[in-house]
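Report on the structure given below.
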Amino acid sequence: MVHLKREEEPGRNDSIMFAHKEARLSLIGDVNKSEVAELDSDQPNRNNRNWERWILLLLVASLNFSNTISWISYAPVGNYVNSFYGPETATRLSAVYLLVSVPFGLCGIWLGSVSGVKRSLVMAALPNAFGAMIRAYSHMSHDEYRYYLVICGQTLAAFSYPFIMFLPSKVSDSYFPPSERTLATTIGIMSNPFGILTANFFAPLLVQSSQDIAVLNNSLCVLCVGVLALVFVSSNFQWSIFCNTFIFQFFSCRGLSNENKSESKEKQYLISFKTCFTNINYIILFVILGGGIGMFNSLYTMMFEMMCPSGYSNQMAGWCAVIMITSGIVGSFVAGVVVDKKKCYKEAMMLLMIVAVTAGTVFIWTTKLQGVEGTIGLLMFAFILGFCGLATYPVGLELALECTYPASPEVSSGLIVLFGQVFSLFFITILKLYSYKIEENDYRLTIEVCRATSEDNKNYPKDYTVAFIVSYFLSSEFRAESGNIFQIISCVASMFAVLVVFLRPEYKRSDSEKKQTYLASQSIEFERKCFPPIDNQANH
């Protein structure tokens, strides 16, 4: 008997993946079939092997990791950096990332939406590597020029970040099935705090004096150039990709053959903006998650400067960051697994955000305590802050994609990360404006470790303390500046915790996937009933 083999039934995940395509097309209206193919040209082949998507995700994570280390490595050894390059250099090297990402963030989101994942990787890896090379050359130059060279290199590397910030969400949304999305987003995003952890752990070990800055610069250069090589190899890089991205997108006039494709992509990009900012749940997430990112970034940047007046060394500040990041990575993976299974985005955000805000406020106050009590308090609240605070990051971004579906993931996630940089600048500016030099009769001058040497006038210890508002009202011993700064930051932090209660999200992406899965299963069942296999018919 001849058995005719029927075609393979469409997989459950495939039907869900194609649902994204249909929903995206419904967002941009009537486009013809050729434009549909162009819009999905960067989407993965659904028949690709499973390991290919994970390699792409690890490539994104590696680039995010190297760029983050370039950003934060100078902060844990800020006193030596300031002695080598000049006063306030360590803070400026961190702040330049924020200053660049804010004005160029929208450009990065737009380029990412029209260029795709592979080109975004190339556009991010090139300035990241070239900036590291310039920083490595800065310590070999004359004293008069080394400051300008290191700032130039850091600025160039900062141009990578706008192309990196949306990639984890875009890759997970486009390449991974629903059961793995939050986990994939977590892996891509957690490479950022893992880079901070690595920088805080190794930078104090590598840099024991001002002259050791050369070792740090060379190490960063090797890492960033190595990641660039991985991007070239893994992405099958050709210079035509580079030329098409930078020359065609910016300098060539759009021909008749490309006019419809560009217009449809731009239409999708603009309508995604409208979809995001007409959604009240997204606006709430935009504020609270962006603010949470800002609080974390400002803590990483200013941690040593806040702790050194109380006698805590570079190593202690590094250990606090290591514990914070380690617990955050664990918390993020735990939250990712739970949310993937239970789809409890709102409940997870409420719990994690409220606990994180409370722990962060107490951590900042604890930096003023000395001795065993202060050490234990800092380590304990660093653990709680990291475990809950970092876990809100991937959960919040996935919730944003759920609320704004079918808007482009690079728009909905990129805008939140971009707003986080704005809040980072806000918090760092507040800390700088309201800090004051410790007075000569302050006992902390006998225990501070802010200065590299006793003759160091570039790293004079300052008070960044943010005291409890209750203590401020009960005691007049706190300076007015400390009280004012606490009122500002505590009010903003409390606003984040309160706003999350008002979230009423609709899980649009999950609902669409359930609908598409149901329709696919009904179609398969209908086909089985109407067109049974030939061997079954013969048996009857």
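Placement of Cβ uses the backbone N, Cα and C atoms for every residue, glycine included.
The following features are taken from TrEMBL:
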- 54-74: transmembrane segment (TRANSMEM)
- 94-113: transmembrane segment (TRANSMEM)
- 147-167: transmembrane segment (TRANSMEM)
- 187-207: transmembrane segment (TRANSMEM)
- 214-233: transmembrane segment (TRANSMEM)
- 276-296: transmembrane segment (TRANSMEM)
- 316-339: transmembrane segment (TRANSMEM)
- 348-366: transmembrane segment (TRANSMEM)
- 378-401: transmembrane segment (TRANSMEM)
- 413-434: transmembrane segment (TRANSMEM)
- 485-503: transmembrane segment (TRANSMEM)
Same chain, outside the transmembrane segment (378-401) by at least 6, Cβ under 8 Å from its Cβ: which residues?
168-169, 173, 181-182, 185-186, 189-190, 193, 282, 285-286, 288-289, 292-293, 295-296, 307, 312, 316, 319-321, 323-332, 334-336, 339, 345-346, 348-349, 351-353, 355-356, 359-360, 362-363, 366-367, 369, 409, 412-413, 416, 505, 509
Do the transmembrane segment (316-339) and the transmembrane segment (54-74) come close, with at least three CB pairs under 8 A (pairs 6 or more apart in sequence)?
no
Need a quick answer: max count of Cβ pairs under 8 Å to the transmembrane segment (413-434), which of 54-74, 147-167, 214-233, 348-366 is it?
147-167
Selected stretch (most C-beta pairs under 8 A with the transmembrane segment (214-233)) from 147-167, 187-207, 276-296, 348-366:
187-207
Looking only at residues six or more beyond either end of the transmembrane segment (276-296), which have a C-beta under 8 A from one in the stretch?
353, 356-357, 360, 389-390, 392-393, 396-397, 399-400, 403-404, 407, 411-412, 415-427, 492-493, 495-496, 499-500, 502-506
